[in-house]
Structures are given as C-alpha cells and as structure tokens.
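Novice: First, the structure itself, so that you have it in front of you.
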Amino acid sequence: MDDSEVESTASILASVKEQEAQFEKLTRALEEERRHVSAQLERVRVSPQDANPLMANGTLTRRHQNGRFVGDADLERQKFSDLKLNGPQDHSHLLYSTIPRMQEPGQIVETYTEEDPEGAMSVVSVETSDDGTTRRTETTVKKVVKTVTTRTVQPVAMGPDGLPVDASSVSNNYIQTLGRDFRKNGNGGPGPYVGQAGTATLPRNFHYPPDGYSRHYEDGYPGGSDNYGSLSRVTRIEERYRPSMEGYRAPSRQDVYGPQPQVRVGGSSVDLHRFHPEPYGLEDDQRSMGYDDLDYGMMSDYGTARRTGTPSDPRRRLRSYEDMIGEEVPSDQYYWAPLAQHERGSLASLDSLRKGGPPPPNWRQPELPEVIAMLGFRLDAVKSNAAAYLQHLCYRNDKVKTDVRKLKGIPVLVGLLDHPKKEVHLGACGALKNISFGRDQDNKIAIKNCDGVPALVRLLRKARDMDLTEVITGTLWNLSSHDSIKMEIVDHALHALTDEVIIPHSGWEREPNEDCKPRHIEWESVLTNTAGCLRNVSSERSEARRKLRECDGLVDALIFIVQAEIGQKDSDSKLVENCVCLLRNLSYQVHREIPQAERYQEAAPNVANNTGPHAASCFGAKKGKDEWFSRGKKPIEDPANDTVDFPKRTSPARGYELLFQPEVVRIYISLLKESKTPAILEASAGAIQNLCAGRWTYGRYIRSALRQEKALSAIADLLTNEHERVVKAASGALRNLAVDARNKELIGKHAIPNLVKNLPGGQQNSSWNFSEDTVISILNTINEVIAENLEAAKKLRETQGIEKLVLINKSGNRSEKEVRAAALVLQTIWGYKELRKPLEKEGWKKSDFQVNLNNASRSQSSHSYDDSTLPLIDRNQKSDKKPDREEIQMSNMGSNTKSLDNNYSTPNERGDHNRTLDRSGDLGDMEPLKGTTPLMQDEGQESLEEELDVLVLDDEGGQVSYPSMQKI
C-alpha cells in the first residue's frame, strides 16, 4: 500500500470519527428537545376552558408566550410545515408531532400524538337553578393516540474536507418527518408527498413568517406565485406577484430569508456548512453566484432560485439548487432538499423541460434588465445563458434591440467577446449579430463606439471552429452596411478576413506550383458572410477599393471560388453573388485607380492636332488623301477586324491585374448565360460596363473579346428581364460596348428593339414604372448606338421609337433629365438628312424635334433653369464644328452635371443622380451600389444580415426548435 492510499484511509477514518462526534452532539440536542417537549405537553390539557385560540381552527394546542409559541426554531419549523404546507384541509385530528430524537447513535425515534376524530365523545349535563332556569352544558372529550417510531441511521463516510465522499453511499440516511397522513394515501399506500431516499430531515428552503402571518398553500407551491424561471414563454404573471422594478435588487446571500440550516440550533455554524454548501440563487452585483471553478459543468439535476411575492418581501422561499426539474417531478408538489453533496455542477439544463412539454405553469421568463445584469455575473454558465437568451429576445424584435442599447447592454456584450470560454463569447457574439441587424443604425454605431470591430477581429483570429467563425463574420457583415463603419472594417478586419477565412477555405494556393482544389463547400456559409462584408465595404470610396485590390490573395481567391462554383454547375448561390458583386465593385474606376494606371491610357480617336498640317479650318479638319483612301471612308477601328489578342505576359497575372484579364471576362460571360439570379446578372453586366469604360488599353481589348465570345446577344437579352436593375445594368454595358464601331453596328441591329420597348409610353405600360435613372440610361444608350450609325437610326424609326421620344418630350409629366435625354436622341435623329423626308411624310415636323423645357417637370430641381429651346444640329455640319462625338456638351443641358471623371456612369444610389448625362469627356464606370440600398438587400437579410432564433447557433434556413440551453 503506497503513501497515498494510507493517507486516504487515514483521512476517511478521521472524517468518520468526526461525524460520529457530530451525531453524538445531535443526539444530546434531540434528547434535550424531547425533555423540553414533554414538559410542555404536561401543561397542555384538552378542554374548552384552556383551549388555545388556534384550537378554533383545529390545528395546534400550544400556548402563546409573548406572541410566540414555546419551543425552539426546529419546533417552530415543524409547526409551520403543518400550518402552511399542508393547507387548510382537515387537520383537526393532528395535535402535535415531535422532531426525531436519537436514543443512541444509529437510531432515531419519532413520536406522533394524534387525535382520533371518530373517537370523540360528547358529555351533556343539565342543571336546574333555584329560580327554575335550566342550564345545559356539553363537553367534548377527544381520544388521543401516541405513536412512537424508531428508525435506523447509518453513518456517512466523510472526506478530508468534511463532506460526504460519494453521493451513492449516503442513500437512505435521513427520512422525512412529514405526518403519516402525508406519507400515505387514502388506500394506505405512499402518498404524493413522500420524497426520495436520502433527503434531509427539514427542508433547507423553509422561510417561515412572523407570527400572525398565515397563507394557506393548497398543494405545495402557491398557485399564483411568480416563480422565477428562465425561458418559460407560456406563463402569465399574476399582478399581485409581479415584482416592482423600482428599487429592485436581486436577492443576496446576506438576506435574512436565506436557506435554513438542516441541523438543530445546538450545532455550530461550522457543522452546518460542512453538511451543505450555499445554495444558488440570484445575487446582487457585488457577489458571485457560487463556485468560480473553471471546470464547472452543467448538471441536469440542479434548479435555480424561485421567487414568490415581491422582491422586497422576506416571506418567500428560494428553491434549492438540488431540486429536480422538468418531467422528473410534477410542478404541483413540494419536495424536500436531499443531502447536500460536494457538487461540480451549476444551473440546470432546460432539456427536460423542453422535451417533457410546456414548462411548469408558475415559471416566468426574466425581465430584460435582469438578463442584462446576468451578463456581469462571475459565473460563466449564467453569462452564457444570459447572452444566448438575449440573442433569442432580440430576434426580429427591434424594440428589444433598442432597449438593450439604452440599458447599456452592448458594452457588456462586446466585453464578453474576449472571454476565454467559447460558450460565453459565442453567446455574446450571437446577441451582437441580432442587435446589429435591422434598420436602427444607432445599434450599429453603439457597437462601433464600444470598439466592437477590433474585438470581433481578435475573436476571429482565435476562432478555429466553423460555427463561431460564421457568427463573427455574420456580425461584421451586418455592421458593414453602415457607411461610417465601412472604413473601420477595412482598416481592422480586411487582412484577418482574407488570411483567416477567404484564402484558407477557398482552396486557392499562393504558390503557383501547388495544386488548387476547391474545398470551400463545407465553409460556404462562412465564405458567404465574409464576401458579403467585403462587398459592402468595397462601395465606400476609392481608398477602400484600393486596399481591397492590393490585399494579397484576395482577388485570386475570389476568382477561384467563382470558377469552382461555375464548374460545379452552381452559378446561382449566394456565395457566387457576393463574390461577383465584390469583383464588380473592385473593377469600378480600375483604369484610374490601379498603380501606374497612366501606362494603360490611350488618346481619344479622331482628335486632331490644332497645329500642323491637319489643323482644323472653319469647315472642319483637313485630311490628307492618303489617310482618306487608306481608311476607305471607314472608321479607324475596322469593323472587319474581329480578332484581338491581349498583351503577352512574361508572368501569370496576380492580384488586381486579374480584374481585367481574359479569364475574368469569360467568368462574366458564363454567368450571363447560365445564371438566373437577378443580382448575379446585374453584377456581371455591371462589371463588364466598368471594364469597358474609359480610354485604356484593356478596355479596348475587352470590348473586342466580348464580341468574339458572342456576349453581345446575351447582354441584349437582359433588356427583357423583369427586374429593373438588370435592365439598367445591361443598358449601361451596351452603351460602353458601343464605343467599338463593330459592336455599335451589331447592337444597333439586335438591341434597338428591346431598348425602345423599355421606354415609357405606347402599348407597353410596364416601363412607366421604371425609375428616372433607368429611363435616362436607356435613352443615353440609344443615343450612343445611333450616333454615326444611320442603320441604327432607321431601326429606331421602324420600331416606333420616335413616338415614344416625342411623348417624353411633349407629355409634361416626365422629369427634366428625362426630357433632356430624349431631346438629345431626337436631335441626333434630325441630324440625318436621309431621315428628314421620310419623317415629314409620316407627319413629323421640325418642331417635334425641338425641346421646350417649359414642359419639363420642375419637381426634382430647386434651382432655376434655362427655358430656351435647344438648337437643332445638322449632321452634315458635325465634322466642321467639333470632332467625332462632341457635337453638344452635355454639361450645357443640365446645371447639375458633374465633371469628366464620372461620365457614362450609373447614378450613385446615395443620392447623387446627376452623372448620367455628362458626356463631355471619356467614358465612365458603373458606380458601386451603396447607401440606402446596400449591395445586397432583401427582407430578413440586409446585406444578408442574419438573425437567428436559436441559442446554439445554426444557419437561418434550419432553425432549431429550442436547442439545449441552461436555465438562467
């Protein structure tokens, strides 16, 4: 036998001896009590003359002395159990009962003295006085039966710390002391109040009131009490038991109504605490709720505090932590506390409640201030439960989210993100995710002001499991929809999101020799959240886009993910949508914002030098015969030349260079042909518009490449799409593609009919619902296509385009910008002399092609504008006045037009709607969508903001019906 075993044996023997001494103490105390009770009984007489006032109720026959019953605390507790717990049912037969007394170590003697209600006899005496008056006296004599019960008690092995070694070895140590009528039913069998073996002699959670206060509880718990539970959503709180929140303080260990001792007054306080630990209950903010052991587990056989009465009322009982819950014990019974053990558990799980049906009817869910207060408790189980429950409360409840912010709950949740335990920081992050969702921007600002973004990033770098990473990225996605938080996410979270999520889970490898295999399927939801977050922040400003483009590996991994999804025939997933929208935003202004962008710039064609042999005269620029005949009266860009080769590279393209390479163009074409998702179609067309914008080398290559890949017809087909934003994106892409002369010819033949159908007026009423921006985009595309393209102008006349243009000009119910855009198209058509006679034969007049701005709507413009009519332009004079496409400066057609940098762009949806008509310089880009309509908006998922009505987080599509969680 080694030293440890010897030491263990010695400690066990010592604890046994110590326990025997305690039993001897208890025996002496009980014997003293027995003598005291016997002396009291000698003074009690069952007669009408000295019956106690309480005898009128048939309860007890003890006397009052100075407002109290004679006897010590144990006797009073026993009396209170008879009075209060057993209710007002027939107790007339029960006179008294003594607490158990120990005759010798190992034995307990219980004495019961009862009345026999059937054995009561009445004696009637009649007396006649001298004056003839008769006096009748009736005396009742009751039969008293005394029963003595002896029980055997076995000693309990004690550990070196004075606590029982094993709970299994102490069964049947103590037996309850309820009356026999409560231990048996009407048939003589065990009654409903018999507790399990191993329970204490007296309930530790007795809280007896002062004399004169009496409430009868019918069966155990008060029927209308406002007991404390965690997640009961079916209980209606009675107003008389609802606690007043004013001045409310959670109960503390120092309160006078704490758990009562299980040994008699004769024992010491040390003995008391050796037999049971402190119970769990709600405490004040300065105290913990129990053990702070980091290894605290969640046992299923512990309950929580229950409340009856108001918080300020001391006459209540706290349910002990050993009480069983759920289907194991009915809620309408009273239970004795078992023998306390050295516990390793905390608060109980609600599994049994959820599985066994609805919670007990007397439970209530905690108030919001209570839940927020629990976030600050030192017990980790309470923190995690409170955070999880708070997440549940915030689900689709904007009022609760606002209240959490006003109650200062957000700083506490952000602080819990750094908690070492997963259950705590996961619950806190889930609550922040739901709070950050919705239209109340103040909640997002509050999270930002508490340094929520850096805290989320720290947690993301430590996270290794998918569920936690998903919640973190979802929270960042929700926050990214607010403009003031976007740059903070870029500055703090960009590299963490790229290095910890995008690259490792996409399957892309940094080394060229590594075999890249798609492995993002398992982490698709996490990648979707991350791409959505970056998608939102990419719309902030050029600085954000520059940092995203230059983030090592980000663009490569995004393109790899989209290629893998297309290869797996999954081109409509949310992941593809977010990645393509992010690539579309990164391609915005790419020809100006990439490093050394000037090396790709090209001069505008047909811009003659004002000095030298080709200086312009008053009749136009001089052209040599060689140039004239070498061109063959054709544009510089030969329409017959349909082949184009991208510049040769010495090394593979990486990073931002991939944004304008042939492989990414083929990705967009594949999505245009295969995808059915409107957002993906819009993003693909918008990316093509951005890449084809501007006078730069790769823009020219991409225009030709799209024609070679037969993508023009796919884009033209989008004009018939039922979603307006898809139509608008397709119109913008065709406009920039039409800069190529060959593309312009093809678009004029195949796209003009669809463009005309989308104009307001005529038989098509659906287009009246198109926004001003969409109508202007279509008009500008038509004007770009028919310029220098007589066949396209004829096609416009054949498809009743003139009627719709004149209607926009003359109707008076269109905006000023729409009228100006339509006027430009009408003037371009009138500039072709070949079309004037056919138009006049059809009944059109010259005045129909003039624009009277008095008919334009002034509702959208607070400033004054010119009421003059724009001059008509003769196409034959065009080359004599200004080169190529610059007949009319569009800046002269509206006072709100912008500078050259934003030409041919779609409107910024944050309110800047004045860029569309500015054509004075080179071609512009597709503005990233942002502002009031973030890059991804749909109900329940603002930029795929996500709320989860689950406490163990799951994806939104598979909500868990109340998963396992701990009781608060």
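For all residues, glycine too, the Cβ spot is worked out from N, Cα and C.
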Novice: Among Ser168, Ser704, Ser771, Ser868, which is annotated phosphoserine in Swiss-Prot?
Specialist: Ser868
Novice: Tell me which residue from Ser767, Ser857, Ser891 Swiss-Prot records as phosphoserine.
Specialist: Ser857
Novice: For the candidates Ser288, Ser630, Ser905, I need the one that Swiss-Prot annotates as phosphoserine.
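Specialist: Of Ser288, Ser630, Ser905, Swiss-Prot lists Ser288 as: phosphoserine.
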Novice: Quickly, which of Ser92, Ser230, Ser244, Ser895 does Swiss-Prot have down as phosphoserine? Just give the residue.
Specialist: Ser230
Novice: Considering the residues Thr27, Thr177, Thr720, Thr869, which is the one that Swiss-Prot annotates as phosphothreonine?
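Specialist: With Swiss-Prot as the source, phosphothreonine is noted for Thr869.
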Novice: Please identify the range among 10-46, 417-453, 528-564, 639-675 that Swiss-Prot labels coiled coil.
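Specialist: Spelled out, Swiss-Prot records coiled coil over residues 10-46, not the other listed ranges.
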Novice: Among Ser125, Ser731, Ser777, find the residue to which Swiss-Prot assigns the annotation phosphoserine.
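Specialist: Per Swiss-Prot, phosphoserine applies to Ser125.
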Novice: Between Lys401 (site 'Essential for interaction with cadherins') and Ser713 (phosphoserine), find the distance joining the two CA atoms and give it rounded to the nearest Å.
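Specialist: For Lys401 (site 'Essential for interaction with cadherins') versus Ser713 (phosphoserine), the Cα atoms are 49 Å apart.
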Novice: Determine the most Cβ-crowded residue among the recorded positions Asn478, Ser713, Ser847, using a 10 Å radius around each Cβ and all protein chains in the structure.
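Specialist: Compared across Asn478, Ser713, Ser847, the most Cβ atoms within 10 Å surround Asn478.
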Novice: Any idea what the Cα distance is from Ser713 (phosphoserine) over to Ser847 (phosphoserine), rounded to a whole Å?
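Specialist: Approximately 36 Å lies between the Cα of Ser713 (phosphoserine) and that of Ser847 (phosphoserine).
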Novice: Verify whether three or more Cβ pairs under 8 angstroms connect the repeat 'ARM 1' (358-395) with the repeat 'ARM 7' (653-693), leaving out any pair fewer than 6 apart in sequence.
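Specialist: Per Cβ check, the repeat 'ARM 7' (653-693) does not touch the repeat 'ARM 1' (358-395).
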Novice: C-alpha of Ser847 (phosphoserine) to C-alpha of Asn478 (site 'Essential for interaction with cadherins'): distance in Å?
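Specialist: Asn478 (site 'Essential for interaction with cadherins') has its Cα 54 Å from the Cα of Ser847 (phosphoserine).
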Novice: Near the Cβ of Lys401 (site 'Essential for interaction with cadherins'), how many other Cβ atoms are there if near means within 10 Å?
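Specialist: Within a 10 Å radius of the Cβ of Lys401 (site 'Essential for interaction with cadherins') lie 26 other Cβ atoms.
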